[in-house]
Amino acid sequence: MPNQILVIGSSNTDMVVKTQKLPAPGETVLGGTFFMNPGGKGANQAVAAARLGGQVTFVAKVGDDIFGQQAVTGFQQEGINTRYILTDAEHPSGVALINVDASGENCITVAPGSNAHLQANETAEALQTMASDTLVLLQLEIPLSTVEHVVKQAARRGLRVILNPAPAQALPTDLFQHLFLITPNETEAELFTGIRVADLPTAKLAAQKLHELGVSNVVITLGSKGAYLSTETQDQLISTAVVKAIDTTAAGDCFNGALAVGLAEGQPLPDAIAFACKAASISVTRMGAQASMPKREEVDQ
Ligand code: ATP
Ligand code: RIB
């Protein structure tokens with residue numbers, strides 16, 4: 001039996017416009033196509049993990065509105081345990097406005113709404129109920145105080161915590177020691193270490209700094225270059241497939257959801273990362289966040 005995965009994080013509705021180029025400040029770009037699909041880093045990672053065969057429980061706070069209802073129905077259709085999802089009577093569900101250009105690059109604005117009101121004490125029941133070999137997967141689209149509380153409570157219970165520190169923001173230095181694994185991208189790694197990650201040597205230096213902050217296992221995602229793994233005993237660059245990127249939105253989310261599934265199945269870290277790279281390389285060939293998450297058969301093929 002694979003270990004269970006507890007994802008605690010955000011749920012948004014993504015309003016996506018694909019255009020030839022991203023607008024500059026003050027500029028209007030005409031001629032795009034629009035589509036709406038479910039997003040939010042927490043929800044994307046939960047859906048990615050569920051589609052790849054993970055047993056997922058998701059804790060989030062949605063608004064008392066159609067977006068929130070649609071999101072929860074979607075999670076249930078994916079087989080995700082939604083028992084601990086809360087409804088906020090005062091704040092609307094999160095919304096993200098996303099522009100994607102012809103090369104698949106994006107720019108995103110998020111109105112967090114109810115996600116910004118998921119309180120630490122509202123995660124307690126889920127945290128207490130999960131089995132002791134559960135993997136906990138967190139991001140930074142809910143209050144930092146809640147993330148800190150969950151990390152410390154989970155570590156106290158001996159649960160392994162994976163922190164995907166996105167979107168980038170400074171973290172209290174005493175947080176790192178409680179993590180099993182941290183998965184920054186290049187920008188986030190630079191924020192924590194001051195090292196501009198551009199290649200393998202700089203990724204190594206940044207990972208070393210993260211080890212010094214107290215995390216034993218570091219995975220720095222490097223976009224089309226794959227992901228760099230550094231632990232106390234090994235370090236290696238794991239490459240990703242060469243694909244034509246259509247929309248890289250949520251590539252990191254797909255990677256993290258898949259990584260959690262690999263680890264929950266007992267795969268060694270390098271194998272779980274290779275699995276995550278495969279899944280994420282498929283996701284970038286499709287539009288959307290949750291809409292782009294692959295199924296297990298696709299990755300295994
Ligand atoms: P995003 O913010 O777009 O969700 P991110 O910045 O958090 O992504 P990246 O490092 O860009 O994360 O990508 C995560 C993983 O997705 C990479 O490690 C890689 O495996 C895969 N990936 C991303 N972009 C590409 C690409 N163009 N081609 C193939 N794989 C990709
Ligand atoms: O990581 C991609 C996600 O970031 C989008 O789905 C959007 O909702 C924002 O949260």
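Glycine is treated like the rest: Cβ placed from N, Cα and C.
Caution: TrEMBL annotation is automatic and unverified by curators.
According to TrEMBL:
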DOMAIN    4-295  domain 'Carbohydrate kinase PfkB'
BINDING   Asn12, Thr13, Asp14, Gly40, Lys41, Gly42, Ala43, Asn44, Glu141, Asp253  substrate binding site
BINDING   Asn185, Thr221, Leu222, Gly223, Ser224, Lys225, Gly226, Gly252, Asp253  ATP binding site
BINDING   Asp247, Thr249, Ser283, Arg286, Gly288, Ser292  K(+) binding site
ACT_SITE  Asp253  active site, proton acceptor
Coarse DSSP state, helix versus strand versus coil, of Asn185 (ATP binding site)
strand
Which of the binding-site residues listed here (Asn185, Leu222, Gly226, Asp253, Ser283, Gly288) have a Cα atom within 10 Å of the Cα of Ala43 (substrate binding site)?
Asp253
Separation of alpha carbons, Ser283 (K(+) binding site) and Ser224 (ATP binding site) (Å)
12
Please classify the secondary structure at Ser224 (ATP binding site) using three-state DSSP.
helix
I'd like to know which of the binding-site residues Asn12, Lys41, Asn185, Leu222, Gly226, Asp253 sit within 10 A of Gly288 (K(+) binding site) at the Cα level.
none
Out of the binding-site residues Gly226, Ser283, Arg286, Ser292, give me the one sitting nearest to Asp14 (substrate binding site) by CA distance.
Ser292
Rounded to a whole number, how many Å is the Cα of Leu222 (ATP binding site) away from the Cα of Asp247 (K(+) binding site)?
16
C-alpha of Asp253 (ATP binding site) to C-alpha of Glu141 (substrate binding site): distance in Å?
12
If I restrict to non-local contacts, at least six residues apart, and a C-beta distance under 8 angstroms, what lies near Asp247 (K(+) binding site) in its own chain?
Val16, Lys18, Val100, Gly104, Asn106, Val284, Arg286, Met287, Gly288, Ser292
Across the domain 'Carbohydrate kinase PfkB' (4-295), what does the pLDDT come to on average, as a whole number?
97
Cβ under 6 Å from ligand 1: which of the binding-site residues Asn12, Asp14, Lys41, Asn185, Ser224, Ser283 qualify?
Asn185, Ser224
Looking at the binding-site residues Asn12, Glu141, Thr249, Ser283, whose Cα is closest in space to that of Gly226 (ATP binding site)?
Ser283
Pairwise Cα distance for Glu141 (substrate binding site)/Thr249 (K(+) binding site) [Å, integer]
15
